[in-house]
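Here's the structure, in structure tokens; my notes come after.
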């Protein structure tokens, strides 16, 4: 009788643990799909600000970033499926596999977080060089394949109300203008669809775009960091719950033979 009562309590524990495991597993899956979606966006949409800032010559860090995000997102999705099947069917082998994947993903995410914060200064330096490069090439008739990049720069200047990386004087370096006094039409409140306009210097946006881009970058890093930290916290609960569920299922399988 006592053994039967203990088994009923154990089954109740198992059901509760399975419920919470699947709830946290669902959260883990949703966060993983966010990373997967972001990785796909970076990989296939080349006309975005991330791609513009981090693509120069043969060095294509956007491709590496997107592959990392796609890798984590794919492993997260697969791991969630294994955890769901393992908890529903109570197969101990799947639960052990699930815990192993969780620990592996946890360690990978910790390493990525450390790399992000260690390389922030290098990232800023790289994209500043990239913006300077775009400004130098802007409007060059022999580089028409770069027009999507110039359009993105125009959109940044127009929407953020800024001009150049640090200020309007940076455009003096551009050698593709008809005369030295011209500036991009996106540096003023204009709807003209051409690269350069003849306007007085004092009518242009006075602020450079670097400060706005730094804020934009910090916000995106903060979002990715928040998702990653949320994944890490969720994984701690998942690993703990999976371990407890594994032990209770093992006990439940042993008792009938006592």
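Cβ coordinates are placed from backbone N, Cα and C, and glycine is handled just like the others.
Record features, source TrEMBL:
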DISULFID  163-185  disulfide bond
TRANSMEM  20-43  transmembrane segment
TRANSMEM  63-86  transmembrane segment
TRANSMEM  93-118  transmembrane segment
TRANSMEM  221-241  transmembrane segment
Quiz item: Hey, which of 20-43, 93-118, 221-241 has the most Cβ-Cβ pairs under 8 Å against the transmembrane segment (63-86)?
Solution: 20-43
Exercise. Report yes or no: does the transmembrane segment (93-118) come within contact of the transmembrane segment (20-43), defined as 3 or more CB pairs under 8 Å with a sequence separation of 6 or more?
Key: no
Practice problem: Would you count the other CB atoms within 10 A of the CB of residue 185 (disulfide bond), including those on all shown protein chains? | Solution: 20
